[in-house]
Amino acid sequence: KVAIKGIERELICPACKELFTHPLILPCQHNVCHKCVKEILFAFEDSFADAGSESSNQSSPRIKISSPSTDRIDRISRSGTKRNSLTPRSSLFPCPGCQRDIDLGERGINGLFRNFTLETIVERYRQAARAAIAIMCNFCKPPPQESTKSCMDCSASYCNECFKIHHPWGTLKAQHEYVGPTTNFRPKILMCPEHEMERVNMYCEICRRPVCHLCKLGGCHANHRVTTMSTAYKTLKEKLSKDIDYLISKESQVKAHITQLDLLLKETECNSERAKEEASQSFEKLSHVLEERKSVALRAIEASKNLRLEKLQTQAEEYQGLLENSGLVGYAQEVLKETDPSCFVQTAKQLHVRIQKATESLKSFRPAAETTFEDFVVDIAKQEEILGDLSFHSSGLEIPEINEKQSKMYNKALISWECPGKTDSADIYVLEYHKLNREEETTTWQEIEVCSKSKIISDLDDDSSYAFRVRGYKGSICSPWSREVVLRTPPAPVFSFLFDDKCGYNSEHLLVNPGRTSVESRAGFPLLLGSDRMQVGCYTTLDYIIGDTGIAKGKHFWAFRVEAYSYLVKVGVVSSNKIQKLFHNTHDVTSPRYEQDSGHDSGSEDAFFDSSQPFTLVTLGMKKFFIPTTPAAPKDPASRILPLPSCLGICLDCDKGKLGFYDAGCMKCLYECNVDCSGVMYPAFALMGGAAVHLEEAVTAKYSEYHDDI
């Protein structure tokens, strides 16, 4: 037998924190008092009506209701269903045991079984707790006698005399079941809550609850696997007995674990006190440093004050002497009374010099010392920021590193980081960033908490540099800040467009993907068939494609990537009034060198080709970026060839008539020129031979999720 006093934790209702009273078994297999279920369901229904929210109240184990209406509680206990638009045919119940919303079904409370076994165990516990308190007979005349037995059929307690009177021999009552004195009366037969006139005689293995034969024939358990009650009783009792025997056999192991836990509790107490002491010592050291610096600063201010007061006091005394009958003036007045010329001259010469100095100082008055102490203002901005970041640092927590290759600045900023060791990853990260501004003396970091290893940041200023840093937190422990990474935003708002596969699109030479974000040139049979007319130094015709959206005003930026294997690609813009010239090619192959009366030799081909274009394009190819030939361009051809960036950007300013080409990775301008923006401007691309261009993908939340998966 298990001691009753050792199981009291199992007999406490999770809602009211008291011994169970008429406990009901919820579908989640937790037990709650019948009264508590009604009160919680009543409060839960009111929370829906008042707040219109679908979320359950999971904060308080028991919800106290002040004098609820009896009619309303009875209505809930009968229907147990919240009849509104949110839950029209079911009743959600916030279980205080597992903190989940449980569906009670259409019958609500009436569909729950009463846990008579638990009720009996609680009654045994109550009897053990109040062994000195006797249960009195319910039928004795005053004063009542102590009862000796209780009848389970009559649900009453009797003394010996009263039991004989009410259960005479030879009657049906004599066959009633009686037990020792108790106040817990349970029915002899467990009835089905769905069909109140039917007793349960089967066990549903799917729902894990007793059912009657009507539930199996046409109820909600019709297609469920069921077994007889005797079989379920035998099976569950064998399993429970086996598990109990196993736990009892492991009693020594359990005691060893308890001993170990006791040691861990004491060790935790000692370590926490040691950590407190070390933290206090650290702060005391800081306090001593601050006190020492405070004393030094105050002494310096005091010394400067005394020196200034001394200078000002001396100056005041000197000016006091300039008054009549006092000081220097009084002395000079006495000297003027001297009548002997030789004696007067001897004294008056030095006195006259002093009088002249006093006169000059009076004309240009200047205090001997400053009254302000601006030089003694203590700047604590940096120290205050450092102290604000003061926290527990762990050597085991990895310092995250911002991945500059995976981070991206486009329409939004995507900042990505990783932990080098891949171990002891933090529970949460804090990302901070600020705009680099030389005019601002103090730096104000903006802080964002992130649960993943990347974050999209919106609303950054165009053409600006931002510094980013990140640190990890695991509980109260944090890692040091990562190395600051500086990224620059595009020079203008990002312009979104797709390749136009209709206007002048040459499907024989070009291939556009279904999303119209990539274009590839195919050097196929048409180029081979045209090779019969090709001569040395000939130019083959470029295949052009434009964007499907034009720009009429403002400043805009877009970016794209050119495959490394691309032989020749031209990028830029074209005006709407010159699109016809762009796609009007009468020959597949032309040769300016051998055209009649061309007037150009091999040394001037590039100048002719660039000047003959009706639009502004820049040449790319063979992993190079070629700066066009202009009067302002370098004369050395080698200096006009730059490495091709992995991502190239174009910035069009229609208002100023400027077109710039950028390295989109660092937002550095590679080349800028004037452009005629009289019409609507369209992004333009030209490809020849094997080449491919991919438009840069905008940064979105979906992009971030895909990036995290990678």
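Residue 1 is the first one shown; counting continues down the chain.
Including glycine, each Cβ sits where the backbone N, Cα and C put it.
The model shown is predicted, which means the values in this text are computed figures rather than measured ones.
Here's what TrEMBL has on this protein:
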type	residues	note
COILED	258-285	coiled coil
COMPBIAS	53-70	compositional bias 'Polar residues'
COMPBIAS	78-90	compositional bias 'Polar residues'
DOMAIN	187-229	domain 'B box-type'
DOMAIN	336-393	domain 'COS'
DOMAIN	399-492	domain 'Fibronectin type-III'
DOMAIN	477-704	domain 'B30.2/SPRY'
REGION	51-92	region 'Disordered'
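Touching of the domain 'COS' (336-393) and the domain 'B box-type' (187-229) is ruled out by the presence of fewer than three CB pairs under 8 A, sequence neighbours closer than 6 excluded. A Cβ distance under 8 Å defines the sequence-distant neighbours of the domain 'B box-type' (187-229), meaning residues of its chain 6+ beyond its ends; these are 25, 27, 29, 107, 110-113, 116, 152-153, 177, 235. The domain 'COS' (336-393) scores a mean pLDDT of 78 in the predicted structure.
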